[in-house]
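Undergrad: Let me begin by handing over the structure; questions about it come next.
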């Protein structure tokens, strides 16, 4: 199979990359005028680190949203995963692999619960995953007051701080995960069926797709991604952190990145490449404002405007497509 | 057609009850390879239940289903698919965001070394499309960009991809424009030549006569008769279906004195889809609007109701100039609009019958005499139009098309409209409910409303209208008096000398 035929034939460059390029160009200029330098080593590295953390979550979030579902529990899964990983490692490199495995297994378990609630028990995804998230919050709040455990030094040195030039290992991990997910969506039955379930569950069912199985799988994968993000954050922080997920707003930010990336919130349309664009856009805005040292409140306002504008643009486009 | 050796499908003594209500009772039916077997009957006659039993959606309480001589007990649609039965629903089961190839192979994507083989998918789609004579459709096109007729082709290819030997078509022309119907005819014939049997459910008797080899009439869950199409005629068929003569379909037209003063005038009006429209609509008359799909008929109604308003020209209502900028202003001016797309624009499927009937009044007019009084009035209207529902609080999506339409009518009647715009008021509605709607329309005119009725159903247009205007390319091409012929309408609609509308190949 030649590399060329792997490329999606008809999809144009998602608009989010145009927006990203514009943002970076304008940001670079503004920072330059301000007397700074946007693309110096330190800012680039920190931008890519921010993007890696959010990106790992958002790739998983893309899967469930494509399938017409949603996952609000990711922030708590992240926190839980940092703790499970760091406490199991307890500062030793020997426990690295079992700890990673356990953190991912726990995450997958949460995903399975989410998936079963959404499919078998027909609980609305918003409510089901919010409920599971609160459940985890209760556990975390009552058992932890602050950082716990210690991440294995090997993991901190590799996933946490290792770089190839200005590109952190974690960002390469994100790119690999994105590639694998893109491939799964376009070239496996699971991918085709997931998009079908999100597009129209009834059509999928009548075409012989096992909707429930597909959605449960998507939820498990989403939670696994969140668990992976947790392991990454543990490697950055050096310990487990019971509130890192919620303080980082990973639930809403990941959904925002997915939507900015052009995936329809109702499911059935979009993809993981756009999501990475959305993640980079959010991370760039962050980096630019950090450079300019603007007020955090103003930064939030701008992010809000970007999210709303993105959704409005996509809605208009959908309207034009639907018009006849 | 003489008895073939092994029919594709044999149904014997099929019975089915829901909650103790017998919906089907001892129905026999068989379909031979290459045969088009039409099933007709009023809504509630049991057609759709029968089709669901054949396609695995319901299990019968009694009787047997045999496919090519082998007895079957379907547990779900997948079992029926595996036995070679495909169904083309009235609403398409397609994903607009996915390509033709992806839709055709959904649920059974070809896999090579664990991965979806996209090339094989495209190839096979092309072959399937070519086998039913469709060579222009690209397998990579997004389905949402296709027209309704092409989407139907994709549906059929999707069924054939599963090696369907028997295809069920449920009202296949309901969504098609006139010229697309011809394409479907060709498609049906090609399927026939391939030895595929077709069960063809339709309300449109013209099609049934054009296409079918045999016709089975269902009434109240029983089979009334199965006849060779060549041995019967429309009148016979309608008698079997409703026990009534064809001529009694349409209520009497307005007498010479009935049309009153001019109520609505349109002068030189236009918008993006309409040009220089002049129109007079009198109180007490039914003005028919004919023309091809896309000729501006619906655009006219939508402009008058303020959905896509006129941008030029003048409209007066009872002598006073009005500006119809939005549906709200149109309703306040006393205009009501029964849309063509009942499911999409007419009803709120998950709301109750009562809420649907109250919708427009609640939205636009304050309840002058109290909410309870308004609800009482609407209940009376629902009873007057004879809506058959389990109760006012039943969700409207569970009603038949005819009953849904009656609820929509009741909604507008509650507003005492001076002008009523009907766009395809009986599309997808069975014969019995059709004539009830016709009676209602006429009664409204008799009570002094001005009625404008768009219809693609020529017998209906001719039978109901006191006058007919025919549209072409966004203009009014001409006006015809009552008693005009189908040929007159078509000649104006296509813009040249008379020719016959349907060529019946027999």
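Placed from the backbone N, Cα and C atoms, the Cβ positions cover glycine too.
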Undergrad: Which one of A:69-86, A:123-140 shows up in TrEMBL as transmembrane segment?
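TA: In TrEMBL, the transmembrane segment feature sits at A:123-140.
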Undergrad: Please work out which recorded stretch in A:12-33, A:45-66, A:123-140, A:214-235 has the most C-beta pairs separated by under 8 angstroms from the transmembrane segment (A:255-285)?
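TA: The stretch with the most contacts is A:45-66.
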Undergrad: Among A:12-33, A:95-116, A:123-140, A:214-235, A:297-315, which stretch has the most Cβ pairs under 8 Å to the transmembrane segment (A:45-66)?
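TA: Against the transmembrane segment (A:45-66), the leading stretch is A:214-235.
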Undergrad: Where else in the chain does the transmembrane segment (A:297-315) make close Cβ contacts, counting only residues six or more beyond its ends and a cut-off under 8 Å?
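TA: Result: 15-16, 19, 256, 259-260, 262, 264-265, 278, 281-282, 285-286, 289.
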Undergrad: Can we call the transmembrane segment (A:123-140) and the transmembrane segment (A:95-116) in contact, meaning three or more C-beta pairs below 8 angstroms at a sequence separation of 6+?
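TA: When sequence-distant Cβ pairs are counted, the transmembrane segment (A:95-116) touches the transmembrane segment (A:123-140), since at least 3 lie under 8 Å.
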Undergrad: Taking residues 6+ outside the transmembrane segment (A:214-235), which of them lie with a CB under 8 Å of any CB in it?
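TA: Hits for the transmembrane segment (A:214-235): 52-54, 56-57, 59-61, 63-64, 66-69, 71, 73-74, 77-82, 84-86, 100, 103-104, 106-112, 114-116, 118-119, 151, 155-156, 158-160, 170, 173, 177, 190, 193-194, 197, 204, 241, 244-245, 248, 250.
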